[in-house]
Amino acid sequence: MSSEVLSVAKEDGEPIQSRLERLGNERPNIFKTTREEIGFCFSICMSQVLAEYFVSGFNVIAPTLAAEFRIPTDSSVWPATVFSLVVASSLLVFGRVSDMYGGYPVYVGGLVWFFLWSLVAGFSRSELTLVFCRSLQGLGCAASLPSGVKLLGRTYRPGPRKNLVFSIYGAAAPVGFFSGISFSGLTAQYIHWNWYFWIGAMVAFAVAATAYFTILPDIEDNRNNNLDMDWPGAVLIVSGSALVVFAITESSHAPARWQTPYIYTTFALGGVILAIAVYVEGYQNIMGGTPLQVVAWYVPMAMGGLIISTIGGFTLHLIPGTLLLAIAGLGWVASNLLFAVAPLGANYWAYAFPAMVCATIGIDISFNVTNIFVTTSMSEKKQGLAGALVNVTLHLGISLSLGFADIISSQTAHLGLLRSYRAVFWFGSACAVTSLLVVAFLVKIGRAKSDHTVDEKDEWR
């Protein structure tokens, strides 16, 4: 247990629980002023903004890029998918690296790398160059996300202040999501698509510079962690995941679908590699909207995300996490169902608006609860791994769900575009119901209250 809390026994008139409550609300000692704390939080939260910016906005400029680069239909999904695929495949590696060498160098280095390849992506003149740049962008994102969560997790102890900070971090996601859609819509309609990448590059550079000056280096603090990188496991997990997702995503466009040799070969090979890894480890077309109309349709999602995340910062220590996840699950179900039953040319306020509100309930509540629970449940020297675990689940889910959605859309294309899209949303509804049942029967998370850290509890034993 840390000397900070052990000293409780020596301080007259202040019980342990009272001191824990006070420490859970106080500004961490590493910050001399509130300005320093705000600068630190801003630097970390912007990594979430950048990640969502380059996921959401790309979908708006994708049709423009497909037309300009003459990208065939059978490969049009890759420029959008490769970013999340690379992020998901390498998050665990960078999470471990940040635990070994500190979150500061990995975070700042990741942002600089993110800046460089976002800048280069704006100069792309072919599909191959675009996919290459998007994949290297993913490495920068994968480095900054787990290291950022590590820096937050090691700085704030369990309590209301940590809940608020992680809720602000969660609120950065809808800000980035809406920013990506907004700037991509504006650039696609009024300037040129390359400015979407260059604007993101400028933001990444500014955030990297801010992080360099506002985040305290933690390299020395991690030298005695006695942690090693499991390189065989890392290589196997990355390659296996990439092959499986490639097979799923590409199968709907292969000449003979799943009977195509390279599809079932890569899928089987990826499955075998993942099995070995386990052993090694120890076992806008339907509604007819313009780019700016699409931007406007997403406003409720952005505003709702900000409101829900902010409220969460003040209520997570009062409401059990399981109940919050159940509410999020209901939001996921309702959002998919509304889109699944929406008729052609559906009224925005009757279908899309409530669906967007329900979607942000599902996204932001589950993201906040998961982040706080995972980081609070792991020791300080494993905060990078905690951040990687949350984000690899998110981005691998994006890659896999896009792949399955593409398969469903292709298999039902003969029914017409509307019914094909409905089939995708029915699939989303089934996934949402499944996750809700898992939460209801298998998940138990209490309130995120002021408490001892994992390291302190270990020292008690």
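Note: Cβ is positioned from N, Cα and C throughout, glycine not excepted.
Listed in TrEMBL for this protein:
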TRANSMEM  38-56  transmembrane segment
DOMAIN    40-447  domain 'Major facilitator superfamily (MFS) profile'
TRANSMEM  76-94  transmembrane segment
TRANSMEM  106-124  transmembrane segment
TRANSMEM  164-183  transmembrane segment
TRANSMEM  195-215  transmembrane segment
TRANSMEM  231-249  transmembrane segment
TRANSMEM  261-280  transmembrane segment
TRANSMEM  295-316  transmembrane segment
TRANSMEM  323-342  transmembrane segment
TRANSMEM  348-373  transmembrane segment
TRANSMEM  385-404  transmembrane segment
TRANSMEM  424-443  transmembrane segment
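Spatially, the transmembrane segment (348-373) is adjacent to the transmembrane segment (164-183); three or more Cβ-Cβ distances between them are under 8 Å for residues at least 6 apart in sequence.
At the 8 Å Cβ threshold, with sequence separation of at least 6, the transmembrane segment (195-215) comes into contact with the transmembrane segment (106-124) through 3 or more pairs. The transmembrane segment (164-183) shares the most Cβ pairs under 8 Å with 38-56, out of the stretches 38-56, 76-94, 106-124.
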